[in-house]
Every structure is written in C-alpha cells, then in structure tokens.
Amino acid sequence: MVDQHDKHPLQALSPGDLLRSFGQRTKKQFGQHFLVDPRILGEIARLGKVAPGDHVLEVGPGCGTLTLTMLQAGATVDAIEIDRDAVAFLQESLAEDWGFKLHAGDALKADIAGILASRAGTWKAVANLPYNVGTEVTFRLFEQRERLQRMTLMYQREVAQRMVAREGDDAYGALSVMVRLYADAELVMHLPPGAFVPPPKVHSSVVNFELLPETRIEDEARREFFVKVVKSAFQVRRKTLPNGLKALKLPRERVISAIESAGLSPKVRPERVGFEAFLAVADALRQG
C-alpha cells in the first residue's frame, strides 16, 4: 500500500481538501455551487471521456474540485474563472506543472479561440457551468467546433431538458432547435440539490454534446433566416405556426403556402415541428 506522504501532490489532494480550504467564499452572483463527492466527479469525467493526454476546457471551476478530478485522470485543463477569490485560490492550490492553466476573466468575453489554439490537437469541454450564463456560454463554445470535439456540461435541469428535447416533448422550444444546428445532444445524468455545497434551490442535469464538424446549415444567410423563423415561431407558446410567424411581417398567404409545401398543416403548432420541417418552411419563405 502506498503511503499518503509518498504520493505525488496532485494525487494526494482530494476534492474535500479543496472545498475545506476554500471555505465560505462562495458567491451567489456567480452561481457557485460546488461538487465534492469523488464518485459524482469521477462519473462526470467519465461521461466526458476524459483520458490521459486530453486537453480539456473548463468554464467556472470555482474551488477546483472537477478540475482536480480531470487533472488526476491525466488530462491538461485550461479553466476560465471570473471570481477573483476563486482565481487566487486556484493559483495557490493547483500547479501549472500538473497540466493546469488558469485564465482569469469572463467566459462571455474571453478569447476562447486563443485558448484552444495554445495547445495542439482537439479539445473537450467539461464543466459545471454557472447557471445564470450557461446557455450563452454553450453557444460561444459551439462557435469553436473546429477545435472542440465534444462537450459535457451541467445546467439547471429545466434548461438541460430544453436543450435535448425533440418535437412533441413538453420542453421543446427554440433552444431545442438551435442546439440541433451545432450538435447532437443527450441528457446523461441528473443530480439533486444535495449533491452540491451549498445546495442550490434547483435540480441539475448533465448534457453530452457531440459537436458537428459543420453546422447543419452552412450557408450564413440561409442559417440566419432559419434562426429568425424559429425564434419567431416560438415567441408565443401554444399558438399555431402561422400565428407564430406573424412577427416576420410576411403575407399570410405566403406563410400558409410555405407551411403546406413542407408537408405541414396550417393548424400545426411549433411544438410539433421538427428541425428539418422548420428548415423546409424557412427555405420556402426565402424563395417565395
């Protein structure tokens, strides 16, 4: 049996050590709720397929419990953290020669492309995202699909359900369709509030994203109009698709024709319209 004192400092450290050292410095404005159970942390790393030699991007590491788990799995980790107290703590607690690099700042403004260019090869993103900016951060990461291979990210459960929902599901909406532009998404893990310190008021879920090498709509003008159509359709829930598309300010006859050309009834609701059908409607409206 290896004596604890003979271990490399990285392997001797535990998530509980980090949380105890960080103390009571959690901040509500940054949505900080930390995981400390090694089994849960290990499962998230496993779902993210974190392996020796991998490059991992983490957003919002907080006190570093997930960061530590991935470093101990043999990955290099670049982490973006906005909280000054957490930045100072991580700089004291996790060494660069362990494969860790910290980027202080806002993930919504950070040069993510520059971070990914700093190490050769493809990357994975694994993070317990700050829930107040989780969706915005996700779409920033989608933009880096040339370097990002896959993402395993945690959200408030309702947001996660919207991201993976398909037409006909209660959670299905514009976000569900937008995610399909960039990735195949799967909900892979649920976590109760008690899994975190301090416990949040909401349940959490983990989503795996397999990023597409190219978006499902590569032409920029076509993609922008598609997004406009989808967002318009879901502006008012539980209305028929023609009523939802009123925001486009197009002749109703043209809208009805486009819907019917996609093989849909004018009485259909957006919640029942899948990605390909939305694309067919959008294309017909552009051409009409």
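Note: Cβ is positioned from N, Cα and C throughout, glycine not excepted.
Any TrEMBL annotation is an automated prediction that lacks curation.
Record check: TrEMBL places H33, L35, G60, E81, N128 at the S-adenosyl-L-methionine site, and the matching candidate among D106, D169, D170 is D106.
For the binding-site residues D106, N128, counting C-beta atoms within 10 A of each C-beta gives the highest total at N128. Neighbour count (other Cβ atoms within 10 Å of the Cβ, all protein chains): 24 for G60 (S-adenosyl-L-methionine binding site).
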